[in-house]
Amino acid sequence: MNNDLPRWATGIVLPLLNLLSALLVTALVIHLLGEDPVESMQILINSAVVNPEGLAYTLFYASTFVFTGLAVSVAMQAGLFNIGAEGQMYLGGLGLTIAMLAFDASLPWFLLIPAGMVGAALFGALWAFIPGYLQAKRGSHVVVTTIMFNFIAASLMNFVIVKYLIPPGEQNTASRVFAPAAELPRLSDWLPVLGDTPLNISFFLAIIALAVYGVMVSRSSWGYKLRATGLNQHAAHYAGVKISAMIIATMLISGALAGLGAVNSIMGSTHYLSLNFVGGAGFIGIAIALMGRQHPVGIFLSAVLFGALTQGGFDLSLEKPNIPPEMVILIQGLIILFCGAMEYLYAPALIKLIKGKQA
């Protein structure tokens, strides 16, 4: 059905219609809770975009969401639905923490920060390798295995932190605080208007990752093979693509990107590993990939949108007691519903409208 629509319709109009549908349903729920939907949306927008500190928090959350959105998008380009970005980000945080605890007392910042990034990417990639290998060599569907690995990752994280990483005498389920050399530079150091916010250079790393992804997917021979695999594995095989190797390589890259999402959350904000640092970012990456149509610009805009929902939702629940903090989760779920399961809800009407104008 999407082949009957021009690219601007599938890439811009349909996502906007789906987003508006999700917001309209949200407005109805807010009204049923006894609050004014228009006023509530104004609070959310002012908190997340208009206020400079709120905007900084929006971009901070978006920096993490870009990486999880890219992780899911890379896999989708190859026809793989990686639902395991949540677990891969958990393991990325563990790899980063191991690097920090091992070297933060001896390495300077310009070596320590890259070491943490390498640890995050490596552990995330290795965690994604197992489902990729099982899909390529044993036919175990990646959706099933990545879901299972999310639960395993959460349990493994709990075990490692409690057993090995909690400092003696501490009650919090977290590692020790890293040395100051492990902290990513914050943008508020150069832009005081941003206030005391955690927005850091991970934002620029996310932009670079988007650019590399765009070039890799659309401008390289490997990207051509990746997309060919996603469109038709049999045709790609006859064209010379090694399908098993492509699946494994794609999952390695996807896991590495998800693991890198931990860099912003840990090195840019908390500066220690805690049990709940992921906070659903891996699952939000699924919505971002779907809404952004796996396009770099779409991924970025979707990540900013979900960052705004995360930031604005906090203030909305504070100013409107009848609206619970879980309202943000509801909006996210509705966006996933309309952009995923009901992706082409408006496509038939749009096709008739466009063909009618052309006639």
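Each Cβ is built from the backbone N, Cα and C atoms, and glycine gets one as well.
If you check TrEMBL, you get these features:
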type	residues	note
TRANSMEM	12-34	transmembrane segment
TRANSMEM	54-75	transmembrane segment
TRANSMEM	87-103	transmembrane segment
TRANSMEM	109-130	transmembrane segment
TRANSMEM	142-166	transmembrane segment
TRANSMEM	199-218	transmembrane segment
TRANSMEM	239-260	transmembrane segment
TRANSMEM	272-290	transmembrane segment
TRANSMEM	297-314	transmembrane segment
TRANSMEM	326-347	transmembrane segment
* To do: Using a Cβ distance cut-off of under 8 Å, indicate which of 87-103, 199-218, 239-260, 326-347 has the most pairs with the transmembrane segment (12-34).
  => 326-347
* CB contact flag for the transmembrane segment (109-130) and the transmembrane segment (239-260), at least three pairs under 8 A -> yes
* To do: Take the transmembrane segment (199-218) and find every residue of the same chain, 6 or more past its ends, with a Cβ under 8 Å from one of its Cβ atoms.
  => 56-57, 59-60, 62-64, 66-67, 70, 73-74, 77, 184-188, 226-227, 257, 260, 263-264, 267-269, 294-296, 299-300, 303
* Are there residues at least 6 beyond the ends of the transmembrane segment (87-103) whose Cβ is under 8 Å from a Cβ of it, and what are they? -> 68, 71, 111-112, 115-128, 146, 149-154, 156-157, 160, 165, 175-176, 178-179, 182, 254-255, 258-263, 265-267, 272-273, 277-278, 281-282
* Near the transmembrane segment (239-260), which same-chain residues lie under 8 Å Cβ to Cβ, leaving out any that are not at least 6 residues past its ends? -> 67-68, 70-72, 74-75, 77-78, 80, 82, 84-86, 88-89, 91-93, 95-96, 117, 120-129, 131-133, 135-137, 142, 205, 209, 225-226, 228-229, 233, 282, 285
